[in-house]
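A short write-up of the structure that comes next.
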């Protein structure tokens, strides 16, 4: 069965020996790094519905559960408005990225280009001589940020699934059928969290061996169903008996707003998958419709969950909304369903760094070792995310730091700069130039504020009961 590359990578800008070996690898497997086959011409291209499913799952992750606390940090009025603004800016930057990639693919006579290649080809034609000479570093920089961001998300997913598994197992004897409001009680874990991480490690390794997006769409559909089920139960609880919100501040302190900004930027996780998904569609020209529809649904979900969750729990809002849910079997199922959804989303987020790293490593070896190297690298990358989760005690803050640096750059800083470099020689309007500069500055501020937030929290004494986003409560 023909396997399709998520990133459609090629090595045409590398030395000829690397280019020849990567092309030979592509021909032998018919799956990765093929620049001669347009996705729209492949019978196995993604349909509109499959693309929408992938897009939703790539943007609905663990950050969603922290949005009520983000609203608390911003205020009941400022929070939803700011989240809507950030969402609109993020989608606009996605559209900028798509337009630039399309323009650069036509200019360079390629069937399609990925994020890193778009940056490289854009720098190759910019007016500055130094940037043209070092254009390949544009691709290296974007690829490094993509790898860092996506593996960071994978590490968060590892911790989230393991932590929820620990709670479900160790709280089982205290779980009842009586769904009363939760009282906080710090519990002593029976088994170390690392045991649960090692338990799910082999299953995630097997999951990432699946390299075909059409096959992954089956698991992505299952993830969407479980996530939808858990979201339905969460909404079912938080809309009941909402207290009078008049006592909640409409605008919070500017210091806590910095925490909101970092969380909001982190929540929009799908910027790295926009070009790959478009490149894999049967009809790429229809991707704009999928993008606007999918991201509209995501933004509405974000605002509703964050606002209603904050109105429901007020000053008692925890780092993850699951901490505020009653400790009964019905709402324990929320953790189970959401964990299943995150488990399968791991494979989608893992695809991006894998398709950057693996073709390059395989091109350095013999064709007879292709399959062994492929599977070995995938296993090593999954183990790396597991080790990161084990070794870093405040994983949520470390990943928030990585996300603030990498995600802000990928989502808000680089796309406007890419548009400036790509279209500057084609008489851009002053309004467009000013708009791109302002968005990049805003992204830079978000990067700085998010980094400040993460570093400040990291140096604080560790409270093990709340160190992770789903700390052990009963």
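Every residue gets a Cβ built from N, Cα and C, even glycine.
For 46-454, the entry in TrEMBL reads domain 'Amino acid transporter transmembrane'.
Marked as region 'Disordered' by TrEMBL: 1-37.
Per TrEMBL, transmembrane segment is recorded for 74-100 (among others).
The transmembrane segment feature in TrEMBL is assigned to 140-160 (among others).
Marked as transmembrane segment by TrEMBL: 193-210 (among others).
What TrEMBL lists as transmembrane segment is 222-239 (among others).
The transmembrane segment feature in TrEMBL is assigned to 259-277 (among others).
Among the features that TrEMBL reports, transmembrane segment is placed at 289-309 (among others). If one looks beyond the transmembrane segment (289-309) by at least 6 residues along the same chain, the residues whose Cβ comes under 8 Å of a Cβ in the stretch are 48, 51-52, 55-56, 59-60, 64, 67-68, 70-71, 76, 79-80, 83-84, 87-88, 90-91, 94-95, 98, 231, 234-235, 238-239, 242, 267-268, 274, 277, 281, 317, 321, 324.
Non-local neighbours of the transmembrane segment (369-392) in the same chain are 25, 28-29, 151, 154-155, 157-159, 162, 194, 197-198, 201, 204-205, 208-209, 350, 353-354, 357-358, 361-362, 398; each lies 6+ residues outside the stretch with a CB under 8 Å from one of its CB atoms. Feature annotation from TrEMBL assigns transmembrane segment to 369-392 (among others).
Non-local neighbours of the transmembrane segment (398-425) in the same chain are 89-90, 93-94, 96-97, 99-100, 103-104, 115, 118-119, 122-123, 125-127, 131, 142, 145-146, 148-149, 152-153, 155-156, 262-263, 265-266, 268-269, 271-272, 392, 432-433, 435-437, 439-440, 442-444, 446-447, 449-451, 453-455, 458; each lies 6+ residues outside the stretch with a CB under 8 Å from one of its CB atoms. The feature transmembrane segment is assigned by TrEMBL to 398-425 (among others).
As annotated by TrEMBL, transmembrane segment applies to 437-455 (among others).
Nonlocal intrachain contacts for the transmembrane segment (222-239), taken as residues 6+ away from its ends with a CB within less than 8 angstroms of a stretch CB, comprise 53, 56-57, 60, 301, 304-305, 308-309, 311-313, 321-322, 325-326, 330-331, 333-335, 337-338, 340-345. Same-chain neighbours of the transmembrane segment (193-210): 158-159, 161-163, 165-166, 169, 216, 219, 343-344, 346-347, 350, 354, 375, 378-379, 381-383, 386, 389-390, counting only residues six or more beyond its ends whose CB sits under 8 Å from a CB of the stretch. Against the transmembrane segment (259-277), stretch 74-100 has more CB pairs under 8 A than any other of 74-100, 140-160, 437-455.
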